[in-house]
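Peer 1: Structure provided below as structure tokens; questions to follow.
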Amino acid sequence: FQIMSPEQIDISGDGGVLKTILVPGRGESSPPPKCKVSVHYTGTLLDGTKFDSSVDRGTPFEFTIGQGSVIKAWDQGVATMKKGEKCILTCAPEYAYGEAGSPPKIPANSTLKFEVELLDWNDMENVSSDGGVKKKMVVSGSSSDYSKPNDYSVCQVSYQLKCDGAVVLDEPKQSVQISMDTSICEGIEMTIKSLKSGEKCEVVISANYAYGMEGEPSLHIPPSATLTGWVELHSFEKGTDTWAMKQDEKIAFSEKRKHVGNVFFKQGKLQQALKAYQAAISHIEYEKDLTESAKDLAATIHSNI
């Protein structure tokens, strides 16, 4: 950042977002991308006219850093703040509401001032859409590498899981195949698929994605237990996409997925068994000219579903 004066910091680098710290924050860390922040704010025009205030409403405002759900000045400015910090963000139109403004309170091409207080943030990112699996990045991969494991990728991983602070699983570097390995819980598999090579994250996995309502007595995991821990993806070899498979490959994978479903079914993991069966049938249900044995396989899988 560029220091414009002892009081002002140029956040955007072009003078479009200027920050003046009113009350310094605590600690050294600032909210990372994709985390949810909670702020109080008051927005005014340059003449002092107030157009919005969460303080007046008495309810903090929450948004997720870097998702474009707020004006650019907020995404950039709040990401530089520390917990408890209070500042003024002066926002040029191109970092606020631009030529359109936000009628009737904000005219076109308005420079705005926001007094913002960063109350808190949650830097756990949802891995599952329902929040049952969350992660917090510890080591990030290369910014130029966007590749992540897909179904059937062979991954070199290590992970540790705790229940109520006690280690229940501590797995050194090992090879697992996505969608084919019955030794890992669903939450771990989902987390692996969300990582790039070389990445490591902390995880929180709810019972629905771990060992369910039954728990796992052999690991001293009680019923309905939420697990915490970490997962590291060392490397992986990407699996063949379904659309690129030949028919005999699809049949072979369907057979393997059926076997995975059977294992989960015997373990009482009915949701994971159902997903395995559904994946198995999806490989071959629209294939033409199947052999009699392949048709029998499809019929067997359908009966399991």
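The backbone N, Cα and C atoms fix where each Cβ goes, glycine too.
According to TrEMBL, the protein carries these features:
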DOMAIN    34-122  domain 'PPIase FKBP-type'
DOMAIN    152-237  domain 'PPIase FKBP-type'
REPEAT    254-287  repeat 'TPR'
Peer 1: Checking distant contacts: for the repeat 'TPR' (254-287), what same-chain residues at least six beyond its ends satisfy Cβ-Cβ under 8 A?
Peer 2: 151, 179-180, 182, 186, 208, 212, 214, 242, 245, 247, 294, 297-298, 300-302, 304-305
Peer 1: Could you give me the DSSP helix, strand and coil counts for the domain 'PPIase FKBP-type' (152-237)?
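Peer 2: Taking each residue of the domain 'PPIase FKBP-type' (152-237) in turn, the totals are 14 helix, 41 strand, 31 coil.
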